[in-house]
Ligand SMILES: *Cc1c(COP(=O)(O)O)cnc(C)c1O
């Protein structure tokens with residue numbers, strides 16, 4: 001199967017309001033160009049330098065989404081162009097993105113990453129940490145970031161019921177946060193969840209942004 005065929009498989013029948021982030025991390029420009037030629041415009045990367053190098057050499061109408069764990073010293077490289085940062089997992093990081101965005105005269109779209117999986121290896125706020133941060137209200141002063149929603153990763157398991165339960169939990173948290181802190185805002189509307197092996201469950205549970213990599217670009221040796 002070609003990349004174009006794989007893309008079609010994922011996007012055919014995608015419900016309205018669900019967008020695909022094609023996760024191109026570790027894949028060369030040629031693979032992205034193939035997906036681009038097939039019409040894909042949103043790509044996801046997990047390393048700041050790699051994403052910036054790709055941004056510089058690929059068409060400028062690509063929307064670059066950063067889906068990795070963001071180190072504060074790497075923020076500045078992506079600030080001029082990044083379309084969405086999915087992995088905000090601390091207030092300090094949000095503050096730092098705001099600071100760099102202010103310097104660049106931009107307002108940067110961010111998603112708060114919530115830890116929903118059973119594994120404790122994954123990053124993210126716990127639901128309580130996230131609510132505490134929102135309650136402290138300092139974030140409202142950060143005028144160069146736009147909090148657009150939540151992001152999460154389900155447990156890495158074959159237990160489909162477990163995965164569904166985690167996605168449904170994230171959706172209910174999303175609704176609660178929206179009603180409590182963003183009732184007057186149209187910005188808070190994205191729920192980023194679902195990867196190659198679980199995006200169907202994520203869509204059923206209300207995802208608006210699925211992040212699919214290996215199913216499109218196929219398995220490769222990861223560094
Ligand atoms: C790599 C990655 C993906 C894509 O995973 P696949 O299983 O290859 O679809 C999605 N989200 C995050 C945060 C990732 O790191």
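Positions of Cβ are set from backbone N, Cα and C atoms, glycine also.
Taken verbatim from TrEMBL:
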DOMAIN    3-217  domain 'Alanine racemase N-terminal'
MOD_RES   25  N6-(pyridoxal phosphate)lysine
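Residue 25 (N6-(pyridoxal phosphate)lysine) counts 19 other C-beta atoms within 10 Å of its own C-beta, drawing on all protein chains shown. The domain 'Alanine racemase N-terminal' (3-217) scores a mean pLDDT of 97 in the predicted structure.
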